Amino acid sequence: MTRTNDASGGGKLPRKRFYRARAHSNPLSDSHFPVPISPEEVDLSQHYPRYFPADKGSDGEEAAAPQQIRFADVGCGFGGLLVGLSPLFPDTLMIGMELRDKVTEYVKERILALRGANPGQYDNISVVRTNSMKYIPNYFRKAQLTKMFFLFPDPHFKEKNHRRRVISMQLLDEYAYVMEVGGIIYTITDVEELGEWMRSCLEKHPLFETVPEEEIKADPVFKLLSTATEESQKVARNGGQTFYAIFRRISLQEE
């Protein structure tokens, strides 16, 4: 049974129907997957082999390596945003972080297929199965990231489950730690109450300030928020509204 579709250039793209999973997973449950002890333990050769070949002694020509991962798509789903961002920022390493195992496997296969069909492209994106609400500091150093994305996260409607939301005052402390000053955090949802919640948390946090609307509209990333992902496309097909909050990491004198 085939699990792929033809991609441009002769590669094979995986079919989503073979990788279906629940819309969301419980971020507070204990899942079993390897977690690096520290950012220094992250094996970049597994994610970006063109830039970080596992065989250091090979005579093959190695591409000049960007220094470190700079973008993180938290809860990346089927990887649409990563695929859209890759050609816009070809010299920037970016990673998707996804808790669902089948969805993570789909994104891995999708990236491999795109690399095979488009030599020299999509080498700067990858995905890892992990729980971002627990392990962000295990993957990124202080001030490492320049962009973080939270697109259509689980709304956790019940008040008792609000502690599972991926944007909270406590988690924003962690996100601020791994973001460089001037870095941008992007959020979008089709649930108005969640949109208000995320904006309120960011407005209250002392290390973030809202990005002016004219700057948002000029940002080439902004359009991708509502077009690149499976969720955003579903909202558009259904004629739904979206609610975004985009904030900049700022500095405090005591930092």
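Numbering starts at 1 and runs along the chain as displayed.
Each residue, glycine too, has its Cβ placed from N, Cα and C.
Going by Swiss-Prot, these are the annotated features:
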- Asp154: active site (ACT_SITE)
- Gly75, Glu98, Leu99, Asn131, Ser132, Leu151, Thr229, Glu230, Glu231: S-adenosyl-L-methionine binding site (BINDING)
- 13-23: compositional bias 'Basic residues' (COMPBIAS)
- 1-35: region 'Disordered' (REGION)
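Its own atom aside, the Cβ of Leu99 (S-adenosyl-L-methionine binding site) has 23 Cβ atoms within 10 angstroms in the protein chains shown. Thr229 (S-adenosyl-L-methionine binding site): 25 other CB atoms within 10 A of its CB, across all protein chains. Candidate recorded positions: Ser132, Asp154. Fewest other C-beta atoms within 10 angstroms, Asp154. Taking all protein chains in view, 23 other C-beta atoms sit within 10 angstroms of the C-beta of Gly75 (S-adenosyl-L-methionine binding site). Rounded to a whole number, the distance between the Cα atoms of the residue listed as 'active site' and Gly75 (S-adenosyl-L-methionine binding site) is 9 Å.
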